[in-house]
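S.K.: Take a look at what TrEMBL says about it:
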- 444-456: compositional bias 'Basic and acidic residues' (COMPBIAS)
- 436-456: region 'Disordered' (REGION)
- 6-26: transmembrane segment (TRANSMEM)
- 47-67: transmembrane segment (TRANSMEM)
- 79-99: transmembrane segment (TRANSMEM)
- 111-132: transmembrane segment (TRANSMEM)
- 138-157: transmembrane segment (TRANSMEM)
- 198-222: transmembrane segment (TRANSMEM)
- 253-273: transmembrane segment (TRANSMEM)
- 285-307: transmembrane segment (TRANSMEM)
- 319-337: transmembrane segment (TRANSMEM)
- 343-362: transmembrane segment (TRANSMEM)
- 383-401: transmembrane segment (TRANSMEM)
- 413-432: transmembrane segment (TRANSMEM)
Amino acid sequence: MSFIDLTTLIEAAFIPLSVAAYFLYVSGQKAVTDLVQNKEFITFQNVYFLPYFMALFSDWLQGPYVYKLYSYYGFPQEQIAVLYVVGFASSVIFGTTTGPIADKFGRKKMVVIFCLLYSLCCLTKLSPNFFILLVGRILGGISTSILFSVFESWYIHEHTITWKYPLDWVSLTFSKATFFNGLLAIFAGIIAQVSSDWIGFGPVSPFIIAMPFLLVASAIILNNWPENYGERDLKWSGSCIEGLKTIMNNKKILALGLVQSLFESNMYIFVFLWTPVLEPGLPPIGLTFSSFMIAIMIGSSVYSILLKNGMKPDVILRYCLSTMGVSMLVCAVTSSPEFHKELVSVSYISFLLLEVSVGMYFPCIGRLRGETIPDSLRANIMNWFRVPMNIITCGALLGMHTTHGQGSRANQVIFLLCALSSFLGYLISVSFSKIPKPSSSEENFLKTEKHEVSHA
């Protein structure tokens, strides 16, 4: 295929993808409406969604322009790689502490702290000083750990403990959140491009625009969210270790954490790889990114429809992992130096399929975490789940950097490893389904034992 074929394919696919996303969303919402007609629950959802979507929107505003800003400031690729690795390392080192702090001192407080820390992270982007930007990456790593754990922990506690809604309805919330997350990403990309490129404010403008959304979100949370907690009896250091011990002692939680780490590390590696893989086809970056987000929206609607038709979340999770594995395997072939330029359009189609699996995955894993992880240590355990994910992603990023001179062959190897890890995740997900949940007597014994240890 010639270079122009990829651009033509992306442009030709955009409208059909958008139409498919709309009709699948309507079908998915009909399934949701059939399941839930509780106006009080919908109001509760909206209280959660408004500040959460503002936080996600601010995150999407920044994401596509981080690398571009560092290049704009004149940093070489080696220093940019260091900045990225520091961000992931920060999430590994400090992320495990944000969960216990949230569980002990309050999840609402920690979410407000997230808004303030992420605003400071945006402020550091105004400086071209490498060490200030390094501090910003540390703040960003801490902030993303909170964003992807504490918000969900607060919601599930309110959903199941405070309001006592059925656990099945958690999936409905996460499916809707995933759909609108894709929509927000598209709008954020347009606003970022308009402010940065068309108006000419430069690549720092998306970070400036993100700050008001974070500050307004913090004000809404302070006024509208009640506080909730996890395990408050344990000392802070003990709480950190307790989360890890719970994971290691509970095979079902351990299996779920391994699946999450494998899937999401592959997802983040894809984020780094898709641009250089498609680059020979000279794709329109903004339109390509938007088409990926539409594919995620399609995936979230497919999840709602499958759930309505009686498919269990753990079975859907297997579909997500197998779909990602097949997509990565195809890309391992199409990214080879021998076929790369000729098969770049096939790589794009595989990426779309991968993003559909991502859209199905997020509401699915949210539901399974809600069923599996104890509320008392929820944010703590969720941040421990992110540790291996960040380590794997860092390793892949450093590997891509050190093998940069070997061209597409390095990408091919990484795609193959991602395919293998996806299929490994599939096997673990099968084991997860077979592991029985602890009986009520076992849970009560563990709670009593933990209570006695914390007061010893």
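Using N, Cα and C of the backbone, Cβ positions are placed for all residues, glycine too.
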S.K.: Take a look at 6-26, 47-67, 79-99, 343-362, 383-401 and tell me which one has the most Cβ pairs under 8 Å to the transmembrane segment (253-273).
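M.R.: Maximum Cβ contact count belongs to 383-401.
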S.K.: Using a Cβ cut-off of under 8 Å, list the residues of the same chain at least 6 residues beyond the transmembrane segment (138-157) that approach it.
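M.R.: Sequence-distant neighbours of the transmembrane segment (138-157): 48, 52, 55-56, 59, 86-92, 94-95, 98-99, 102-103, 107-108, 110-111, 113-114, 117-118, 120-121, 124, 170, 173, 225, 228, 230, 366, 369-370, 375, 378-379, 382-383, 386.
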S.K.: Could you tell me whether the transmembrane segment (319-337) and the transmembrane segment (343-362) are in contact, taking contact to mean 3+ Cβ pairs under 8 Å with a sequence separation of 6 or more?
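M.R.: When sequence-distant Cβ pairs are counted, the transmembrane segment (319-337) touches the transmembrane segment (343-362), since at least 3 lie under 8 Å.
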S.K.: At least three Cβ pairs under 8 Å linking the transmembrane segment (319-337) and the transmembrane segment (47-67), pairs spaced 6 or more in sequence?
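M.R.: Taking Cβ pairs at least 6 residues apart, the transmembrane segment (47-67) and the transmembrane segment (319-337) are not in contact, as fewer than 3 fall under 8 Å.
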S.K.: Under a Cβ pair cut-off of under 8 Å, which of the recorded stretches 79-99, 198-222, 383-401 contacts the transmembrane segment (111-132) most often?
M.R.: 198-222
S.K.: Using a threshold of three or more Cβ pairs below 8 Å, and leaving out pairs closer than 6 in sequence, do the transmembrane segment (198-222) and the transmembrane segment (383-401) count as in contact?
M.R.: no
S.K.: Look over the recorded stretches 6-26, 198-222, 413-432 and say which has the most C-beta pairs under 8 A to the transmembrane segment (285-307).
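M.R.: Stretch with maximum Cβ contacts: 6-26.
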S.K.: Are there residues at least 6 beyond the ends of the transmembrane segment (198-222) whose Cβ is under 8 Å from a Cβ of it, and what are they?
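M.R.: Answer is 50-52, 54-55, 57-59, 61-62, 64-65, 68-69, 72, 108, 111-112, 115-116, 118-119, 122-123, 125-126, 188, 191-192.
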